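Per TrEMBL, active site, proton acceptor is recorded for C:131. Here TrEMBL flags C:14, C:75, C:76, C:105, C:106, C:107, C:108 as ATP binding site. Sequence annotations record features per position, and here TrEMBL assigns ADP binding site to C:24, C:25, C:26, C:27, C:28, C:158, C:189, C:190, C:191. TrEMBL lists C:106 with the feature Mg(2+) binding site. Marked as substrate binding site by TrEMBL: C:129, C:130, C:131, C:166, C:173, C:174, C:175, C:227, C:255, C:256, C:257, C:258. Taken from TrEMBL, the feature domain 'Phosphofructokinase' applies to C:7-280.
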């Protein structure tokens with residue numbers, strides 16, 4: 001059992017719903033063990049600027065249901081330079097802080113791994129992103145809420161799609177991965193799901209829409225599109241479909257997917273990962289992500305995140321195909 | 001007291017939340033007086049195609065809480081031609097239908113006025129639009145729900161705006177009018193509200209944002225923008241603000257504002273207008289809009305809609321200015 | 001134009017959604033005119049205990065969307081005694097506070113009237129209650145949100161009512177008045193609405209339910225009941241209906257109706273009343289309620305609240321009867 | 001690979017959100033394989049009354065987001081008698097139906113097991129209950145939605161609890177099990193969670209509340225209570241706490257927990273279980289529950305449900321204890 005007197009916690013990258021209960025989990029779990037907790041403002045930027053303050057049990061009261069992150073988040077260009085990482089480490093040491101907890105996505109966690117490798121300060125990562133694209137964990141804090149937010153929007157769009165007998169292309173977040181689009185698509189009863197992992201066949205898509213229209217499934221419907229890497233993808237798809245005789249509307253959900261009251265699932269997930277991550281540190285672990293595999297909390301070497309890429313569940317895609325016909 | 005045996009009802013133009021309880025109000029109120037009610041599919045298009053069916057009390061059970069319109073809606077180019085309007089009138093007469101109820105916005109109600117003028121079939125209009133831009137009525141069916149939908153989205157966006165200390169330009173619907181933007185802006189605690197009725201002064205806007213930032217109100221905030229007449233307005237505003245040193249994000253709310261479960265206010269409004277509009281018909285009125293003035297249901301000649309334009313409440317704008325500083 | 005340097009604001013009685021934007025409206029409007037604003041903690045109790053602090057523009061940032069009241073609320077037995085009211089007045093005078101703004105319901109506003117009568121300190125009231133039972137104003141802060149909250153619950157209950165083909169008696173708040181029940185009942189498409197203003201005829205109610213059941217409107221339905229003055233009313237109604245062969249379930253909505261994110265309507269109403277109430281004070285008014293009549297903000301002598309009782313709108317009840325058959 | 005031409009599907013027991021997408025999953029998956037699907041009305045009651053009709057792909061369009069069950073549900077006393085079960089089996093055979101899909105809770109699935117044992121008609125069960133108390137599956141259709149519904153209510157109650165500095169005892173469903181209470185309690189940041197699996201120590205509870213009050217965590221808070229087996233438990237707890245100097249309010253969430261729009265998680269779960277359950281049947285399985293273990297869909301012998309009882313996760317309770325202090 002490691003003996004730790006003080007830790008620091010920060011949130012980094014795009015905010016995701018559930019970061020607050022994750023912070024609360026770390027703080028309460030640490031305080032219960034007599035460990036001091038410093039909150040770092042604005043992610044790695046605040047780490048460099050030495051913008052930290054002690055958190056109490058009351059600091060994290062009444063935040064479990066708040067979206068965003070009370071520690072704020074930001075992108076830091078400086079943190080990409082070794083000298084600033086060194087400076088940050090020295091400042092932590094001066095305060096007697098013996099470990100750093102980082103809640104964020106792929107990029108932030110890779111930065112955390114580098115920080116420990118260079119400075120020797122133990123780092124524990126928690127997966128905080130709505131994209132659920134972090135290798136080694138089946139779930140991430142914010143994903144479930146984002147699915148529900150997108151569905152809530154699509155349920156509204158469907159009213160108009162039905163009333164006007166139109167198709168809608170609805171773009172959800174996901175630059176490199178279709179996890180969000182796949183879950184949202186299945187849950188929305190979408191006629192099609194378009195993800196970056198697979199090429200789009202416009203002719204086949206158009207044919208399928210015509211087929212559905214004739215098969216008595218009505219002439220309205222939702223097609224869920226992951227935004228992908230090139231801006232404007234969904235508008236281009238709509239253009240191409242028009243050339244095949246379809247006339248879909250486009251709706252880009254955008255930033256509403258990042259915020260909002262965290263769902264029950266995300267609050268429980270975040271609370272548990274937060275609480276247990278402190279135990280991992282005390283048990284001697286570091287340079288790990290505390291995530292979920294097969295329904296159980298587990299540790300994943302942060303190193304893995306740099307080396308592997310998480311793939312879409314082929315089973316889920318197979319099921320999706322059976323449902324929308 | 002007019003003696004009426006059968007009426008028809010249709011929804012036209014963009015759908016709005018509350019059209020269903022409005023239909024229900026008309027149907028139940030008419031049936032209670034022994035009047036038959038035909039539902040017309042797809043607005044004026046269905047009227048021309050003679051696509052009508054009798055509605056029962058059960059047809060409108062369990063729809064009070066549904067967004068969209070069970071009668072569907074569409075735009076009809078044919079209805080702009082006198083010969084098709086004549087055809088529609090003849091078909092109504094053949095079925096013994098003695099009056100037509102039209103739920104829709106400005107354009108649809110103008111079409112209804114023309115229809116009565118030409119064919120002599122009595123027409124009663126109900127204001128169904130999220131824009132609340134119909135002259136002569138203080139309120140329209142769907143406006144309140146759209147305000148709440150936009151706010152729900154903005155409450156989510158604010159989480160990210162706060163966490164990242166950024167400004168967001170949020171575009172709401174409103175091509176010609178800033179009613180939705182003004183209400184949403186006040187209710188969202190927006191720092192700025194930009195409406196088509198007033199020119200935008202980018203330099204002043206930028207200065208104001210800088211001022212707010214320095215006055216301790218934090219460095220995040222929401223600016224609500226009505227979409228206006230030229231596509232891409234909000235993106236251009238963002239570009240211009242960038243040239244003044246701001247770096248706002250843009251979020252276009254789009255079609256989510258049209259759908260959704262109607263709010264309590266819209267359900268009560270729609271139910272009352274629906275029920276009372278039948279009484280207006282029986283009392284001998286026609287060629288009117290049944291709307292709201294000073295909190296009371298009243299009739300407005302449809303003719304007025306062609307001649308006057310509803311203006312923004314200057315008092316509300318004045319109050320908005322006091323709040324966001 | 002009165003010259004005022006400092007005011008105090010408090011919230012009193014049961015909390016209602018929109019109290020926060022009302023506080024914000026008063027604070028921002030006053031600060032814009034160079035008037036200092038003190039926030040009083042816990043209503044009249046805090047006034048007696050001299051628990052006040054200065055509010056800044058930032059104190060009321062980011063609260064427009066929060067339920068409850070940041071100034072907290074409480075019932076104060078002491079405030080019923082003249083000597084404590086006198087003490088409160090002296091403490092206000094010592095701080096140079098020249099007027100008191102009270103946001104609350106009937107009882108709180110009556111207390112405010114008494115306070116001005118006895119101490120000469122000008123008082124301005126704002127209607128803050130979900131019951132909408134304050135004489136002289138058509139609307140109160142929190143009513144619209146409470147209607148929506150109750151409807152949201154009933155929409156869920158309806159799923160079970162339909163699936164199991166059962167009737168549900170749903171009890172909403174309203175000890176002395178049926179405003180909430182009437183609006184909720186119309187908006188929910190309820191088969192019956194039971195209010196304290198009218199006696200219940202169980203035999204007729206039971207007969208009506210049987211009639212609806214046979215008329216093809218399905219065998220499920222919602223009956224909205226205002227809680228009334230005697231605890232357990234709804235359970236007794238269910239018992240009596242059982243004796244007439246019905247077997248309704250009972251659902252008591254309870255305290256969820258008081259809280260929640262304020263609706264757009266309530267945020268706009270509260271913001272406007274808050275901002276304008278400061279102008280009334282400066283224009284020389286006091287001992288008034290700033291409320292709404294026929295869609296316009298207006299002043300009502302607080303004295304009236306003690307002398308008159310607000311009645312249910314008979315027109316609304318008449319319409320309700322036409323809709324649920 | 002079994003050759004099956006027709007199946008029947010029913011929902012039984014208390015309805016739960018997600019039953020509709022589960023039905024849709026079974027129907028679409030079966031139709032895609034050329035299998036006819038009969039929908040049974042009102043659970044086992046309709047099975048006995050021979051109340052079945054063929055479902056098409058369009059029958060299950062636009063239901064993925066609806067709460068309740070389109071097949072309706074009911075309790076059937078007759079189905080407890082062997083002669084009626086025999087009659088139901090004969091009627092299925094007459095229609096050429098070769099398997100029965102049952103979506104429901106513990107009791108319904110036990111009935112299904114008995115039905116196959118007696119009649120030889122293959123039965124496939126799907127876990128549909130908000131209680132998540134079915135042995136052998138980590139998750140049930142409706143549980144996640146119920147957690148979110150309860151949290152939504154508690155977030156509202158918290159506004160009042162904070163404003164009035166009071167404690168609230170909030171009762172959630174759960175006669176025999178504390179799964180719902182535990183998840184809701186952790187996600188709500190509750191100060192206490194009371195479950196049927198563990199005795200309540202009123203003195204300790206009261207002491208803890210006093211302790212929290214003094215430790216700067218504020219004087220308000222939420223205590224989540226599973227309803228348990230004896231009616232009125234929560235009211236008795238409140239009485240007992242009063243004798244220890246506390247004065248908590250009571251809120252019984254009741255039937256709102258059963259209905260509502262299913263969450264994204266429940267829609268995906270239900271769609272997958274529905275689709276895959278057809279594959280289990282075709283692969284030769286029967287007398288099984290298709291559920292989830294360690295994040296993967298799997299089969300559990302229905303027999304097990306009669307013999308074992310699912311226990312609360314001790315790890316989750318341990319974590320809960322770390323969070324609310």
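The backbone N, Cα and C atoms fix where each Cβ goes, glycine too.
Overlay of TrEMBL feature records on the structure.
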residue : record                 : Cβ neighbours (10 Å)
C:14    : ATP binding site       : 23
C:24    : ADP binding site       : 26
C:26    : ADP binding site       : 31
C:75    : ATP binding site       : 16
C:76    : ATP binding site       : 20
C:105   : ATP binding site       : 23
C:108   : ATP binding site       : 26
C:129   : substrate binding site : 26
C:173   : substrate binding site : 23
C:257   : substrate binding site : 28
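Per-residue confidence over the domain 'Phosphofructokinase' (C:7-280) averages 95 (mean pLDDT, predicted model).
Here the CA atom of residue C:175 (substrate binding site) lies 18 Å from the CA atom of residue C:75 (ATP binding site). The recorded positions listed here are C:106, C:131, C:191; among them, C:131 has the most other Cβ atoms within 10 Å of its own Cβ.
Once Cβ contacts within 10 Å are tallied over all protein chains shown, the binding-site residues C:28, C:175 are led by C:28. Residue C:75 (ATP binding site) falls outside any helix or strand according to DSSP and counts as coil.
Nearest to residue C:24 (ADP binding site) in space, judged by Cα atoms and limited to the binding-site residues C:106, C:107, C:129, C:257, is C:129. Looking only at Cα atoms, residue C:26 (ADP binding site) sits nearest to C:129 among the binding-site residues C:107, C:129, C:173, C:257. For residue C:107 (ATP binding site), applying a Cβ distance below 8 Å and a minimum sequence separation of six or more within one chain yields C:13. If you draw a 10 Å sphere around the CB of residue C:255 (substrate binding site), it holds 22 other CB atoms from the protein chains shown. Non-local neighbourhood of residue C:189 (ADP binding site): C:222, C:323, C:324, each in the same chain, at least six residues away, with C-beta under 8 Å from its C-beta. Residue C:175 (substrate binding site) sits 9 Å from residue C:131 (active site, proton acceptor), taking the Cα positions as reference.
Cα of residue C:106 (ATP binding site) to Cα of residue C:129 (substrate binding site): a span of 8 Å.
For the pair residue C:131 (active site, proton acceptor) and residue C:257 (substrate binding site), the Cα-Cα distance reads 10 Å.
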